[in-house]
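Accompanying notes for the structure given below.
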């Protein structure tokens, strides 16, 4: 007997499962509000060098002071990182005569002045993370994703060892603590450390929510459950745009996006541990209690009489399949056998490509001709129909084809915007939105697909490993923007190439459409 057969007896998708899924969707909403927070937390408003006051400036307007103190770009805007070593008063007579002698141009000596019309303060303006310090600004997102990467390894193992619910609770509590402390940061170093620790904590939420819900749902509703949970990520995307629009001060913005974790902690009381995990680890009595609760809520009261025998049979079957306790499995087990080794290598490559291209697009809100708040909101909106379409496609074309082509088309859309001229703003925006849709479709597919590829005894280890690789992609994605100093289009070309190559690797994975979730390694091999 398989666990799916047991689910059929108690109801594989009833009120019990719907309640669990909606509760688990609450922390899912909160994830993008932190994962994409860098767009607003570290936004860099227009700025120029601060000009020290001089007696000669008394009768000049601010525009005239800037004209004689700061060189201009070819398009007429003032440079952000340079100033004249001495005021160039002759420019008041003819402002088109820009000095050709670069020896009178120097880097900013007295700090910067920032345009505060859009942001009251960001970490860029707080600690002057501009010009020579621009790399530190981008590194803030990298530090966060390094934390998520480390958390994927930690929580992937711990949730297979100590259970899904306990580790989800731990990650939510830590998220609140580190998130609130981040808002109180008094130095860049303090913020970087606390954002890294916040990433570690939130990684547990990202890693556990989907498998915990999936392990309570029958085969027929598995895809629907995965898509439903994923839609709440998109809702979080849209909410981030609205919260960031309303809260323009970075300290309070961090408080605003961290606070909802408290609600998730309270609601987690009604979520049971995964019965599938409990049975796989020999904890039959606890699983029995949760299964009875599920049967009662789903109107299967007659199940109570037969459940002891059913549970006993299930335990015997699982012990026969596993041959050894689930706690003895580790990440090394993902590479010990041939089929699992191939799955792990290929799925790791796919996850890297998905995350690398997704965050590459999501953190370039100003590159497509739209207001950044509108871009964030539209990117969230377009994800919902992308998920709906992916739900139909995955059930028709299968997981493998859907995964591969969604990622390949993401890369092609990114590449198309390299070719389309900058003046074609509307066309570039449409292609970017299409690419974002394909990118989200690929992310939606990879979560569901991966949870079906690995057996129960290794599922969280597998999710932890693939999430680790994905977060490496997420950590590298913001740093790739710095390549525009080598060639302006090099970041987009890099995102395109990685997405297409990694999408092609998905064709090497096995199909899992309508297949039973594997319980032990023998089922996979």
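Cβ atoms are placed via backbone N, Cα and C, with glycine included.
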Range annotated as transmembrane segment in TrEMBL, from 108-128, 192-212, 276-296, 297-317: 192-212
Could you tell me which of the ranges 76-96, 139-159, 433-453, 454-474 is annotated in TrEMBL as transmembrane segment? 139-159
Need a quick answer: max count of Cβ pairs under 8 Å to the transmembrane segment (373-393), which of 166-186, 224-246, 252-271, 405-424 is it? 224-246
Interface present between the transmembrane segment (343-361) and the transmembrane segment (192-212) (three or more C-beta pairs under 8 A): no
Local confidence of the domain 'Major facilitator superfamily (MFS) profile' (87-513) - pLDDT mean: 85
Between the stretches 166-186, 252-271, 405-424, which wins on the count of C-beta pairs under 8 angstroms to the transmembrane segment (139-159)? 166-186
If one takes Cβ-Cβ under 8 Å and requires six or more residues beyond its ends, the residues near the transmembrane segment (252-271) are 19-20, 23-24, 26-27, 29-30, 33-34, 37, 40-41, 165, 168-169, 172-173, 175-176, 179-180, 182-183, 212, 240, 243-244
